[in-house]
Amino acid sequence: MAAQVTDALKNLKVKDPNSVIESAAEAKSNGNTQAEAEDSDDEEEEPVNGEGAGEGGAKKKRKRKKKPKKKAGANPKVQSSPPRVLLSNLFPSGEYPVGEEVEYRDENNYRTTSEEKRYLDRMNNDFLQEYRQAAEIHRQVRQYAKANIKPGQTLTEIAEGIEDSVRALTGHPGLEEGDNIKGGVAFPTGVNLDHIAAHYSPNAGNKTVLAYENVMKVDFGVHVNGRIVDSAFTIAFDPMYDNLLEAVKQATNTGIKEAGIDARLGEIGEHIQETMESYEVEIKGQTYQVKPIRNLNGHDILQWKIHGGKSVPIVKSNDQTKMEEGEVFAIETFGSTGNGYVRDDLECSHYAKVADAPNVPLRIASAGKLLNVINKNFGTLPFCRRYLDRLGQDKYLLGLNALVSHGIVQDYPPLVDKKGSYTAQFEHTIVLRPNCKEVISRGDDY
C-alpha cells in the first residue's frame, strides 16, 4: 500500500453491494448449483457377425454404452471479464502459480541447493499457497484494470471496480461480520493523480475524473487469511511520461535484486537511488532528473498488518538493519519531478486501527459503536470511509475523529509533492524463502 512515511510524517475501493455478493456467490457456486445433466446408462445394441453363425442364423449383439454427456455448469477454465469467477474454481487442486523465484547470491548461494533449506521451504506450503492465491488474484484483477481504465472514468468507478473484482475472486464480499478479515480487500485502493504520491482514495461524492494528461498510481492489496499481497503500478496515457515510469519501474527491480536474507536496508536504498537518478524525463519542453521521494519507503508485511516495523529506504541511509529468513517485504519506489519529498494534504480517506491501541474511556457514544464495527470487520487492516458507508454506517465522522484523537485509530492523509509535479510508483511483494527469494506478485506486465 500505502507507502511507509518517515521523518515528521506518520508511519502509517463500490458498486451496489448486492451486486458484489451476487457476483461472488455466482462464481462460488459455479459447477455446484447449476443442474447437471445425468450420464446416460441406456445401452444400445449393435449387431455383429457371430462366429460360426450360419446363413440366416441369429446375429449376436454387442452392447455399447453411450458416451457420457458433459455436465452443465462444470468449473470454468478461464477468468470472466470483468473478473468475477472465484479463483479457487480455476485452481481446484488448491495449488496456485508460483511467483518469480530468484536464487540468493554471494554467501547465501548455498541455500539454493541445501537439503535442509529445501525441507524448511516445503514446510511453509500453506503459508505460500495463501500468498500465491492472493498474488494470482492481484494479477488477474490488475490485468483487467490496466486494459480497461480509460480517460473519462471517475476515480470512484476505477477504485470500486478493482475492489469488486477482488471481493468476487476471493469469495469474500465483506458485508457479514468478520468476512473481510478472512480474505478480500487488504487496504483501500489508491488512485493517486500527478503530484499525489500515495494514500488517496475517493470518499463518497467524489466526482474527480481521470484525464488523458494525468499520471495515476494504482495501489491495491489482496489478502487471504491475512497474507497480504501489496503491489502497485502507474498508468500514463501520454508517452511523454514514459521515462518517468521506466525510471521507477527499474528502481523497484533494483530493490528486488538487492533484497535478500542478510541484506542491509540502507544499502538497498543506495542502489535504488542510483538507478532512479540515472534517468531524466522531458515534460512539456522541460527536462527533469527523476528524484526518489526520500521520505517514502518500502516495508515488511506481517499477517493482517500492512506495515510490520522495518522500512526499506529508497535513498542511501546508514540503516544497518538486515532482512531475515521468512520475512515478507513490499519493495516499492516512488519517483518525482518535484521536490522528492511529500507532506500530508487534502481530505483523509485512509484509516487503520492501531495494533496496540490504548484502552481509554470514550465519552462519545458513536465512537464506541464505530470501534466495535472496525474490530469486527477490519481488525488491523486499513479501511476507508467508503467501506464504512458500504456497511451501512452513517453519521460516523465525529466518532471516527474521536478514535483518531485518542490514538486508537491512525489516520493516513494523502501524501503530496509540490503542485504541478508528477510522481510514479511501482511495487512488488517478495517472500524470503529459506532456499530462494520469491517475487510473489510478479507478472508479465511488471
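Placed from the backbone N, Cα and C atoms, the Cβ positions cover glycine too.
Because the structure is a prediction, the values reported are computed rather than measured.
The substrate binding site feature in Swiss-Prot is assigned to His199, His307; the stated evidence is sequence analysis. Under the DSSP three-state reduction, His307 (substrate binding site) is assigned to coil, being neither helix nor strand.
Per Swiss-Prot, the feature divalent metal cation 1 binding site maps to Asp219, Asp230, Glu427. According to DSSP, Asp219 (divalent metal cation 1 binding site) sits within a strand segment.
Under the heading divalent metal cation 2 binding site, Swiss-Prot lists Asp230, His299, Glu332, Glu427, citing sequence analysis as support. Of all Cβ atoms in the protein chains displayed, 26 besides its own lie within 10 Å of the Cβ of Glu427 (divalent metal cation 1 binding site).
Feature annotation from Swiss-Prot assigns compositional bias 'Acidic residues' to 36-48.
If you look up Swiss-Prot, you'll see 59-72 marked as compositional bias 'Basic residues'.
Among the features that Swiss-Prot reports, region 'Disordered' is placed at 1-91.
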For His199, His307, listed as binding-site residues, tell me which one has the smallest number of other Cβ atoms within 10 Å.
His307
Could you measure between Glu332 (divalent metal cation 2 binding site) and Asp230 (divalent metal cation 1 binding site) for me? Cα positions, answer in whole angstrom.
9
Count the other Cβ atoms sitting within 10 Å of the Cβ of Asp219 (divalent metal cation 1 binding site), across every protein chain shown.
28
Which one is closest to Glu427 (divalent metal cation 1 binding site) in space, judged by CA to CA distance, out of the binding-site residues His199, His299, His307?
His299
